[in-house]
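For reference, the structure discussed in these notes is given below.
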Amino acid sequence: MATWSNLNLQNGASPLMEQMIFFHDHTLMILIMITILVMYLMMNLFFNKFINRFLLEGQMIELIWTILPAITLIFIALPSLRLLYLLDELNNPLITLKSIGHQWYWSYEYSDFNNIEFDSYMINNNDSLNKFRLLDVDNRIILPMNNQIRILVTATDVIHSWTIPSLGVKVDANPGRLNQTNFFINRPGIFFGQCSEICGANHSFMPIVIESISMKNFINWIHN
């Protein structure tokens, strides 16, 4: 989860989020190089005393400053397209989880296991010191790690957004529409998220908590 004075992205807990962090770093390096080049050229322009009263055209430099940005955009676009296709690909999911957004809580259904259903409300833990304020819920999502998981997202009233930053998942929950995505949790832990759509005054009080456990413990949880 995000902590104080954390300027970087959260540590990725899925292969997709790791790829997004790599793409972010790749794009940031290109932006830094462009910024340094432009600043260097501007400083040269400010502080030199070169004058050319007979300059009418510069076709070569115009050709260069047209082609170079196009090549730079290709270096950004190709990894971006690859990542977009990776995010949409669904590889034989083991478990399907359905998430339904309400005002102001989420409800979940495990349709693969005798229709396990429960609601997930934020815990009012202002007086508690050992819980995460405005982030913890009374019923967490329990999912096994190292397995492909599909999530179906919809809403009953307004547009919500099911978002877990450390897993690289953000899906809009639209009334009357069923959106799907997939993710793969590669380590055990507790992962926090919130509704990140402007669905109303209290959308930030719709936390999402995933508890990632081993397959053996997940089967025991299903049986119990």
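The count begins at 1 with the first shown residue.
Cβ coordinates are placed from backbone N, Cα and C, and glycine is handled just like the others.
Annotations in TrEMBL come from automatic prediction, not curation.
Here's what TrEMBL has on this protein:
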type	residues	note
DOMAIN	1-91	domain 'Cytochrome oxidase subunit II transmembrane region profile'
TRANSMEM	20-42	transmembrane segment
TRANSMEM	63-87	transmembrane segment
DOMAIN	92-224	domain 'Cytochrome oxidase subunit II copper A binding'
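Helix, strand and coil counts from DSSP across the domain 'Cytochrome oxidase subunit II copper A binding' (92-224) read 15 helix, 64 strand, 54 coil. Each residue of the domain 'Cytochrome oxidase subunit II transmembrane region profile' (1-91) gets a DSSP state, and the totals for helix, strand and coil are 63 helix, 0 strand, 28 coil.
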